[in-house]
């Protein structure tokens, strides 16, 4: 995948427009989960080291274009960066489309791009305004690479130079390693609530992986496809034929035991039982101990592991164990030489909860983009960087 890399460029005195992914949760004006900001800080440090004049921007939330609301401001991100170890002042600029002054040894955060009219539909006039701000455009937001928007695609068409930031370059390298030339056996773990939203992912992975593990609501549809009762569990009856087709094409173990509850709540008691014994008023919220152990053994024998999604409602302590066992097995396999890559919001939350971030080979910051790459789709923001790199 040939793109120009920011790390390879001479950036002294150059104006840099970095499109990062700083879309973080904010409560009462404070950042509540800083993973995406932490992932971006090395890019900012590299830009400063190279003597660039640094501008960085992102989307945050879903504001109405043309309407500024404090709730969608990047101010909490600026506050976070000012308290970090960047060592230079960070300031927020709200009106920047007609030009902005940037000095060396400072970082200018350009206010939420989604407030700009034409951002989402990639208006060329807006893209040209972004491009006019810089000498070099740096795309470093893998999480939005599947969207052709003004700040992810359009600006890359018009900027004098368009390149991939360190984070995006690392994402592409890691995903390429997992999907293009995986060490065998390759295992893919796909969780989540619905087969329908992950069907193309499951299809693509069934062709690459030696083994597929399904979890969450997806697993319930596979359980139902085997003829077991699923009670009130979330599942998709109309996708049972698809589940059967996938199960016939790839090795997909179905849980032998499960943890059930009679209501979806943090305090609902969990009952462990054989998968064939789920009652009409019960819902499956996690896998049982036997199933977790079986899956852990499969995981520990894999050489490449792609992980997207938990195997249960791990947010509730009573239904956490399955995902915890799986998480620890992935960490152990990685310690023993496997290459592991994890992506998706719920997966990252599980990694944080179980404290295994440093035990996974690569953690992808992209949700939708991660899945689309896995599906084999072309990511527009990467495609335009390739086009610019290759004349």
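Glycine too: its Cβ is placed from the backbone N, Cα and C atoms.
Copied over from Swiss-Prot, here are the features:
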type: BINDING; residues: 21, 22, 23, 36, 59, 60, 61, 62, 114, 147; note: substrate binding site
type: BINDING; residues: 198, 315, 344, 345, 346, 347; note: ATP binding site
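The structure, with features from Swiss-Prot marked on it.
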residue: 21; record: substrate binding site; Cβ neighbours (10 Å): 24
residue: 23; record: substrate binding site; Cβ neighbours (10 Å): 20
residue: 59; record: substrate binding site; Cβ neighbours (10 Å): 27
residue: 61; record: substrate binding site; Cβ neighbours (10 Å): 14
residue: 114; record: substrate binding site; Cβ neighbours (10 Å): 20
residue: 198; record: ATP binding site; Cβ neighbours (10 Å): 23
residue: 315; record: ATP binding site; Cβ neighbours (10 Å): 14
residue: 344; record: ATP binding site; Cβ neighbours (10 Å): 21
residue: 346; record: ATP binding site; Cβ neighbours (10 Å): 18
residue: 347; record: ATP binding site; Cβ neighbours (10 Å): 24
Restricting the comparison to the binding-site residues 315, 344, 347, which residue's C-alpha is spatially nearest the C-alpha of residue 59 (substrate binding site)?
344
If you measure residue 345 (ATP binding site) to residue 21 (substrate binding site) at Cα, how many Å is it?
13
Rounded to the nearest Å, what's the C-alpha distance separating residue 198 (ATP binding site) and residue 23 (substrate binding site)? Just drop the number here, would you?
23
Say you check the Cα of residue 21 (substrate binding site) against those of the binding-site residues 315, 344, 346, 347; which is nearest?
344
Nearest by CA distance to residue 347 (ATP binding site): which of the binding-site residues is it, out of 23, 61, 114?
23
Which one is it, among the binding-site residues 315, 344, 346, that lies nearest to residue 114 (substrate binding site) by Cα separation?
344
